[in-house]
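Each remark here refers to the structure printed beneath this line.
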Amino acid sequence: MAAEGDVDLDLEAEENCTGKPVEKPRKHDSGAADLERVTDYAEEKEISSSDLETAMSVIGDRRSREQKAKQERERELAKVTIKREDVELIMSEMEISRGVAERSLREHMGNVVEALVALTN
């Protein structure tokens, strides 16, 4: 166990001859200055509400176009007729679910060979 006198010696070691505490070197001051410069730059940059509204409308339009194209593609695929035997063949050979097998067949217009080749690649 440390004696009470040992603690006093440690405190005296941290003071220099003038009785003032020794100033420790600052390692992270440059990082704080860099961070301040970055935040100053970000604060100077302003976004106008009209630019924001324009960007949001462009994003919304793009999403709606993509959604419509996806729905149209699904309608086209639903029109393709496929044979039950073909679906079962793909399911047994590839060990995949019925939905995946049907989707692959529909994407390849009912062609079993093309569907199998696409699933193996």
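Numbers run from 1 along the shown chain.
The backbone N, Cα and C atoms fix where each Cβ goes, glycine too.
Summarising the annotation, TrEMBL assigns compositional bias 'Acidic residues' to 1-15.
For 21-48 (among others), the entry in TrEMBL reads compositional bias 'Basic and acidic residues'.
Broken down with DSSP, the compositional bias 'Basic and acidic residues' (60-73) shows 14 helix, 0 strand, 0 coil. The compositional bias 'Basic and acidic residues' annotation in TrEMBL covers 60-73 (among others).
Taken from TrEMBL, the feature domain 'Nascent polypeptide-associated complex subunit alpha-like UBA' covers 80-120. A Cβ distance under 8 Å defines the sequence-distant neighbours of the domain 'Nascent polypeptide-associated complex subunit alpha-like UBA' (80-120), meaning residues of its chain 6+ beyond its ends; there are none.
Per TrEMBL, region 'Disordered' is recorded for 1-73.
Each residue in the domain 'Nascent polypeptide-associated complex subunit alpha-like UBA' (80-120) gets a DSSP state, and the totals come to 30 helix, 0 strand, 11 coil.
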